[in-house]
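Data block below; observations after.
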Amino acid sequence: MSVVLSPDSKYVTEERLLEWKNPNPSGSYRVTDPVPMTRFLYELCWAMIRGELPFQKCKTALDSVQFEEDPYGDEMGSILADIVAQFAQDLTISGDYRARLIKMTKALVEASLLPARLLQERCEEEFLFEAELSRMKPQELKSKEVRVNTRLLYQQTKFNLLREESEGYAKLVTLLCQGSLDSTSNNSLAVTISIIKSLIGHFDLDPNRVFDIVLDCFELYPEKKIFYDLIPIFPKSHAAQILGFKFQYYQRMEVTTPVPSSLFDLAALLVKENFVDLDSIYPHLLPQDEDAFAHYEGFLSKRIDEANKIGRINLAATGKDLMETEEKQDVSVDFCAVWDLELDVLAERAPEVGTNQKLGLLIGFLSVHDWYHAQILFERLSPMNPVEHVEICKGLFRVIEKTMSSAYSIVSKSYQEAPPGKSGNFDDVMEVDSPATSSTPIKLPREFFQMLTVVGPYLHRDTALLQKVCRVLRGYYTSMRDDATKANSTESDESRRYKEARLRVEDAIGSCLLPSLQLIPANPAIGYEIWDVLSLLPYEVRYRLYGEWEKDDERNPLVLSARQLAKLDTRRILKRLAKENLKQLGRMVAKLAHANPMTVLRTIVQQIEAYRDMIMPVVDAFKYLTQLEYDILEYVVIERLAQGGRDKLKEDGLNFSDWLQSLASFWGSLCKKYPSMELRGLFQYLINQLKKGSGTELVLLEELIEQMANVHYTENITEEQLDALAGSETLRLQSTLYGSTRNNKVLSKSTNRLRDSLLSKDDPKLAIPLLMLIAQYRSMVIIKADAPYIKMVSEQFDRCHGTLLQYVDFLSSAISPVTAYAQFIPSLNELVHKYHLEPEVAFLIYRPVMRLFKSPGSEGVCWPLDAGEEVDSEKGLLDFVLHLDSSQGPVRWSELLNTVESMVPSKSWKSLSPDLYATFWGLTLYDLYVPKKRYEAEIAKQHVALKALEELSDTSSFAISKRKKDKEKIQELLDRLASEYRKHEKHVESVRQRMALEKDRWLSQCPEPVKTNMEFLQRCVFPRLIFSTTDAAYCAAFVRMLHTLGTPFFNTFEHINLLICKLLQPMICCCTELEAGRFGRFLCETLRMAYDWKKDESLYERECANMPGFALFYRNPNSQRVSFAQFVRVHIKWSQKITRVLAQCLESTEYMEIRNALIVLTKISSVFPVTKKSGVNIEKRVNKIKADEREDLKVLATGVAATLASRKSSWLTDEEFGMGHMESKPAASPAKAPPGYLLGFSRLLLVVNQLMVQCGHEIALGQY
């Protein structure tokens, strides 16, 4: 129909346009005369294009007219389609008119006035695209139109020859399906090929159709091998097309039957035998990869969102709702909840297998065991996770089991041939020798590990196969390892194969075994099997696998759901975990950990960090865990320690954060209760942290040593406990609560485990690196401490120092005998010059070794015992020799002294001797002092306990048996105490005899005896007295021993004078908090000794009046002695000096000076102040500090004030304290003083040199 555009409007006039745009509300407007349909529709469309009538009013206009023709069917729609098509072809229409044309077209289509199919038939492609009536671009639509027209109009129809020439095809089918075709001889094959060719030629058969029939028969009888020889006679390129036509048939909309599995198997066989290329057939399969991936991505996002919502709290819930939810929750756990989620996922994805032909082809490849092409499809389809489908998973399981069948037959023999006497249960089987002991090597192809990587966590669906895989991997790894060990060369083929095998096993564990474990509900047997493989690997590799475990599965909604459920169940159980229900809930926690150890254990550790009270219940509940879970638990602890973003110290910078303290206590308690825990990973972490200059985590080492070895470090000990620490081991243990109540059997086991973790048979051993780094870190704390206040630096130093003492104490007690300890630690020369340790630290480590130096002349006599020989001979001490083992030569005492000489500046030896220096640093308080009162008190205590047992009246057999055991235990303890008491007395007497023989040589050869006391204080006393409380007592005892022995050139009077008058204030100011307490204890012992001499003139005459230590002149030990009156007057000056120093420190503005002065006052409160004047001065300043804003100072001052108040009644006046020896007039003129170096009462000795900074070295923390 032809329509000419005309601007004249005969029927659509302006009046009618106004009526249509503004209809009368009283009634509808109608045109009286009928109008021609075509003309009216044309003018109406033209009015809308010009913009004179809105598109919405078109329906109103049509309703107001009556057409001359009677419209039928789609006549009006057809006319509108012609008009729109004509307008669309007019290129002279302006842009606005064309835009309105497009909008009008859309409005007509939406109003159902114009069918879209008519426009698609009559309009051009460009207009259809602009009007959004076609989604295809114009050029693509044109190309498709050409193809369709060509196929409909020009392609000739090919007649079905099968229907027309049935005889030839019938003979062909009969030939291919007959039973005799099974023969694969050359004659039979040639005859068959000849017959097929004859049929094609005689009946003029289509070769492609013949090929199609051959493939159909091959599909029906895939077991007949002759088809493999028939297919090559046809063109290879035709096979892919024929298979493509077969698959395309099932893609038609009218075909509802799924593709038969036999067709997929046929395609897989053809591809496997290289009759068809995979890339040739792949394009014929539907759906397209992009569509399938997009569909799965939407499914995956939905599932991940659902998994993340598990356990999420509804913030909109009311209090009542939350209470109801809480009441509904019980302690039961659905361990199969993950299976239910998996069934839902499988049900939702099940239709994919029937509709996705590529998945069907993948199943076909697995059915024919073609892993090469199956792997290619797995890689291409990996974005849609094909292995999740049950059919694909089962096919992959079959291929895996077939691949490892030969290896498993070898491995299974060791599990079947259990030794006689074994019951055959799981634990017994584990004791059977590894399969690697078999002479038959175990080999696994590379494809086997590729299959495990592909199957991933879905191996959990077949636990029997998972168990076989674990055993095969273990046998394979041990076989390769043993071969490499026998080769004994890192460059051999066996070593290279072993490295490759190790990498493959690691990959299989990380990608398959561990992810599968978390989807198996509570099956500890599987955990044991996986641990058997994991335990072959070093802990570094295991921890790396644990770290990669969860990261690799974050996009798997099933695994994510399992973790969320495990986390939710764990928190719910922990809320109810208590001592009363420990057995029930503890087992439930273990079951959760069996399935999802990483998530469950991490959740528990997080809860413990927040709630310290949960430590003991959780530790008790962990007795049900397996070794795999213990190993993962250590990794979780290290992970929590290394996690950033958390402060390890509180805001005050002094105390550990609550989470770190809780974590340390938990780990110490756990390792004590379950000593099978492997600790090398944690120790290596501590070593790495020390290398970085961070020692905060050493709190874990403190807890481990304290809990597992019962080695405690504390400064808060009483006088009785300090006295007992000078005694034997039994006395030391009985004097402390942790020693008297310890369980020796448990401690022995845990101590050995801790020692073995540090001294592993496999290199590297961690004990020495850890020891050296702790000692080096102690030296670096003050220099590199990142703290704004000195108080924080002091606290860090004391904490590290305490850890060092505790660690050395543990090593010296755990490594027995002492000869083993001596072989274990470096020599003294290496400690000082290689590791750059300070002398006091080096001697702390090396001191036990010094007692192994033996005298050649007296077998069994070791230093420092008396060998009964004269020391002034040529042999003497220089003949003491240390023999360790054949690999190390003997070490002579002279070599040790040479090392000692290199430890301090050479000018110090002008006033000291290496013998005295080595003796001082080599002895302990046990060598000098016998705590008789403590021995007698402990023996009396045990006698009382024995008597109390005898007085019990219970005569039951159980009570009698128990009393008998307790009596035997107490009697054994009494015998041991008595024996050690006698042995201790003999030991001290022997040491005293040795020192008495050596004392004349110590200082007699020194050219500058004037500086002896200062050097001795600087190089010996001060470094050691601040080391520990027992060392402070030792220093006081050693000084008293030097005085009692009458050591020439050692002036006891000057020693006390220097300590009080010159060095008291510097020592108080430069000490840390704990060092100030130790210094105070040493000062207390020194003042007590001096006060004892002052109070009793007869005692002074016996112990001091005739001793070289109270000689007036340095150079002449036999010169005039200090009289008692002179000593009393100097004593008064000492008291006044101490008062002035303490008062000055208490009035200082420096926090540490005030605090240290208060600590020293606390320690010497039993002997100072003595006079009322000193006491009042001190008390006034202490009371002032009680009002200080700093709470810790206020507490200390309150304690000191209470002590001073309790001793007020014992204070003396100056006259009483002077005992009648106070000077009534000024001292004599110095000019009248006798020449020489006069001491004490006439004038104080001028300090020749100031305290020298010890010769330091730059510490290399990176030594290990």
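For all residues, glycine too, the Cβ spot is worked out from N, Cα and C.
Copied over from TrEMBL:
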- 932-994: coiled coil (COILED)
- 38-416: domain 'THO complex subunit 2 N-terminal' (DOMAIN)
- 450-587: domain 'THO complex subunit 2 N-terminal' (DOMAIN)
- 589-664: domain 'THO complex subunitTHOC2 N-terminal' (DOMAIN)
- 909-1204: domain 'THO complex subunitTHOC2 C-terminal' (DOMAIN)
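Under the criterion of 3 or more C-beta pairs below 8 Å, with sequence separation of 6 or more, the domain 'THO complex subunitTHOC2 N-terminal' (589-664) and the domain 'THO complex subunitTHOC2 C-terminal' (909-1204) do not qualify as touching, having fewer than 3 such pairs. Here the domain 'THO complex subunit 2 N-terminal' (450-587) sits apart from the domain 'THO complex subunitTHOC2 C-terminal' (909-1204); fewer than 3 CB pairs are under 8 Å, leaving out pairs fewer than 6 apart in sequence. Counting residues per DSSP class in helix, strand and coil order gives 57 helix, 2 strand, 17 coil for the domain 'THO complex subunitTHOC2 N-terminal' (589-664). For the domain 'THO complex subunit 2 N-terminal' (450-587), residue counts in helix, strand and coil come to 112 helix, 0 strand, 26 coil, using DSSP.
Model confidence over the domain 'THO complex subunitTHOC2 N-terminal' (589-664) stands at 90, taken as the mean pLDDT rounded to a whole number.
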